[in-house]
Each structure stands twice: as C-alpha cells, then as structure tokens.
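Database features, via Swiss-Prot:
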type	residues	note
DOMAIN	1-54	domain 'ClpX-type ZB'
BINDING	Cys13, Cys16, Cys35, Cys38	Zn(2+) binding site
BINDING	Pro121, Thr122, Gly123, Ser124, Gly125, Lys126, Thr127, Leu128	ATP binding site
Amino acid sequence: MDEIGKNDMENSCSFCGRSQEEVDKLIAGPDVFICNECIELCNEIVQEDIVGSKDDGQEVLPGLVPKDVKAHLDDYVIGQAYAKKVLAVAVHNHYKRIDAPVELLDDSVELQKSNIILLGPTGSGKTLVAQTLAKILNVPFSVADATTLTEAGYVGDDVENILVSLLQAADYDVEKAQRGIIYIDEIDKIARKSDSASLTRDVSGEGVQQALLKIIEGTVASVPPKGGRKHPQQELVKIDTTNILFICGGAFVGLGRVVKRRAGKKSIGFSADLSADKRSESELLEAVRPEDLLKFGLIPELVGRLPVIASLRELSEDDLVRILREPKNALTRQFEKLFQFEGVKLTFTEGSLAAVAKKAIARKSGARGLRSVLEEAMLDIMYDIPSLSNVQECIVNEQVITDGEYPVLLYGEEEKSLT
C-alpha cells in the first residue's frame, strides 16, 4: 500500500469519510483508502475481541485456586497428599499463564511452562492423577506410551503422533487441543543406559528424548489428523504445543539407589548420617533432584523442560482399602451399581476388602490390580445373578476373595434355583 501525498486532496477514507486534510495519514489500496484513526480503532476492536474470547468460556480456571484443585483430586485420588499439592500449584500456574489478561502481559517477563514429571511405583496412581486433573479442568486429555516412540525415519510411532490422540480427544478442535494435557507414561524406559553422551544412535532412548524436546517446550507441529506416517499427499494439521501441559511419569526403578549414593557422598566418616540407608524407596524418591534424573539417564535438556518433580508413595494396604471404598467412582460402588441393575443389593464386608488389598500387594500391581482381583472373585456370581430371581442381597465376605467360595445370597419369600 502507498501513503497518499499531500497534493491528492480529492481522496478520503473509505471507512469514516474524512478527507486527506482532516487526518494525519491516508493509506491507499486497490480502489480503497483508510486513515490512521480508523487503523487505531480497528486495533482497539481486535484487542477487545481477544480479551472477550478468553471471557467467553476459554478460561480453564474460573475461580479455581490450588486448594480447590487439590480438593477435587481428593474426591477421586486417595493418599498422595504432597504430590497432589505440587500438581495443584503447577496446574494453577500453567493455566493462569495462558489465561492472563492481555493488559497484564509484560514483554520483559516471559512466563515459561511448568511441565511435570511424576515418579512412583506401578499402581501408585500416576495416570489417574493426570487424568483426574484434565477432568477437573475440562480440557482434552490423552496418554502416550514412551516405549512405542522412535526417532523420525525408524519403525514405530513418530514423536509428533502423540499429538494426534489429543486432537481426537478434542473432537478435532485445534484450539481446544492446544490447551490440553498429555501424559507420557514410562518416560523412564527411554533413559539412556549411562549418563555419558552416546556416540552411537539410540533409537529408543536418547534419540527419542531429543525428539520430545521441541514438542514439550513449545513448537508448531504438523500432524496427520488420523495418525500414521506422514506422506506428501496427506493433509496435515498444525498444532501449537506452547500451551499444552505435558506430564511425564514412570516408576524409575533404581533411581532410589542414585539418590542414596548422592546422599552417601555428603556424609562420609565417623559422623556419617546413616538415615539415607534406612529410607524406603518411596522416601528416597521424595528427595529426588534434577541431577539424580541426569544420573539415571535423562538428558539435561529434557530435565530442564520438566521443572516440577512430584513423587507418589507406594500404596499401603489401608490406602488400597480406602481406594476400594471412598472415591466417587470407587470399584465397590461400580459393582454395587451393576448389581442394582439386577435389583440386588451388593455388600462387601471389611474382611473382603482387606483380602482384595492383600492380593493386589502380593501381585505387586498396586491400585491397578484391584479390579482384576475383584473381577476374578466376582465372576461366578455375576454369571449366575441374571438367571436368579427373588435375590435381595449378595454378601461378599473374606472367603470369597481368599478361597473362591460362593457369596452369601439372601432371598425374598420365594427362592428360585438355577435352571
């Protein structure tokens, strides 16, 4: 566009009608003119629309403070109080950063993302915590398995493919996907074998960590909407990952030994503090520092992009019993609802719940193993109950879980046997 000279007196703004003499500048386009005052007005309107769009349902944390987030987590996740507090603060800061009013943004202060790394044994609730956070915040959520990822050019899933499932969870709404949460499970499995840089290509380890860096930090990635490898004829969708919250989780078996060695080096001699040797694996994970993750095999750049470290403790028998009974979607409540559909009241005794917890601990599967234990114990009665009539109550006691006995059935006036 050209600026109109002072001599072109016949020209006027196509929007407000002011002449060249009435404005400071008049910009010319093909058969159209716009003055500097209309340009300023347009800028103000655009700014109002940007702020307004955040007020029209885009804000993720309407009035939710960290205490509220933790309280919501308490409804679904038993125990892990410290981890829930860490996550509540990190999530609150993340979405406040995204939803900050335009007038409060200061170019001199750049608020960086606080991606999260979750440490904890299998079945301690890492995936559940991340999933529940997304549910509380009403944002799209997806889970990716780090062990299936490879560098570009190798057989396996491209790192960018982890964005595809998030896009699908957002019903292909790119704007919603760009504010979602991605949980990358088993991140510990792609640690390099030693903490020294490798001279050879490591398809499933360091190479994948390098590939994850840009996506986790923030980049515009082109992804095939239906997944799979990219090819020239395929339509690609651009996703900006700058505001996607990444939570990486893993059991990190052996990381406790790294922490113990670090603690031991600082206390050598007659006055050495032996407390580190007496701590459990869960207690050692609570003391993890970034340098321990480097020793374990995560590359420095990736550790730097995961500044928030939260550890989850191994669940005790009491924790598992509470998980069976207390959350809003507790397993016992789910089974009770299934029996309610058949018109039967289902009751679990305290002994039966303790027996389920003991079996899950023996299998070293934590909370994840509770459902399989219950499914096995309840198979016969769930097979029979639709064929029985006049059953009013089914009581599951300890022997049903430990010895495979049949539950106690209480009938009404008329009792009907299996045919």
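Glycine too: its Cβ is placed from the backbone N, Cα and C atoms.
Feature map: Swiss-Prot annotations on the structure.
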{"residue": "Cys13", "record": "Zn(2+) binding site", "CB count, 10 Å": "21"}
{"residue": "Cys35", "record": "Zn(2+) binding site", "CB count, 10 Å": "24"}
{"residue": "Cys38", "record": "Zn(2+) binding site", "CB count, 10 Å": "18"}
{"residue": "Pro121", "record": "ATP binding site", "CB count, 10 Å": "20"}
{"residue": "Thr122", "record": "ATP binding site", "CB count, 10 Å": "16"}
{"residue": "Gly123", "record": "ATP binding site", "CB count, 10 Å": "24"}
{"residue": "Ser124", "record": "ATP binding site", "CB count, 10 Å": "27"}
{"residue": "Gly125", "record": "ATP binding site", "CB count, 10 Å": "29"}
{"residue": "Lys126", "record": "ATP binding site", "CB count, 10 Å": "26"}
{"residue": "Leu128", "record": "ATP binding site", "CB count, 10 Å": "20"}
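Nearest neighbour of Gly123 (ATP binding site) by Cα distance, taken over the binding-site residues Cys13, Cys16, Cys35, Cys38: Cys38.
In the three-state DSSP scheme, Leu128 (ATP binding site) is classed as helix. Annotation for Thr127 (ATP binding site): same-chain Cβ neighbours under 8 Å, separated by at least 6 residues, are Val143, Tyr183, Asp185, Gly249. Nearest to Lys126 (ATP binding site) in space, judged by Cα atoms and limited to the binding-site residues Cys13, Cys16, Cys35, Cys38, is Cys38. Of the chain residues outside the ATP site list Pro121, Thr122, Gly123, Ser124, Gly125, Lys126, Thr127, Leu128, Gly120, Gly249, Leu312, Gly366, Ala367, Arg368 have their Cβ within 8 Å of the site's Cβ mean position.
Those same-chain residues not listed among Cys13, Cys16, Cys35, Cys38 yet with C-beta within 8 angstroms of the centroid of the Zn(2+) site C-beta atoms are Ser12, Ser14, Phe15, Gly17, Arg18, Val23, Leu26, Phe33, Ile34, Asn36, Glu37, Ile39. For the domain 'ClpX-type ZB' (1-54), the model's average pLDDT works out to 73.
Cys38 (Zn(2+) binding site) falls within a helical segment according to DSSP.
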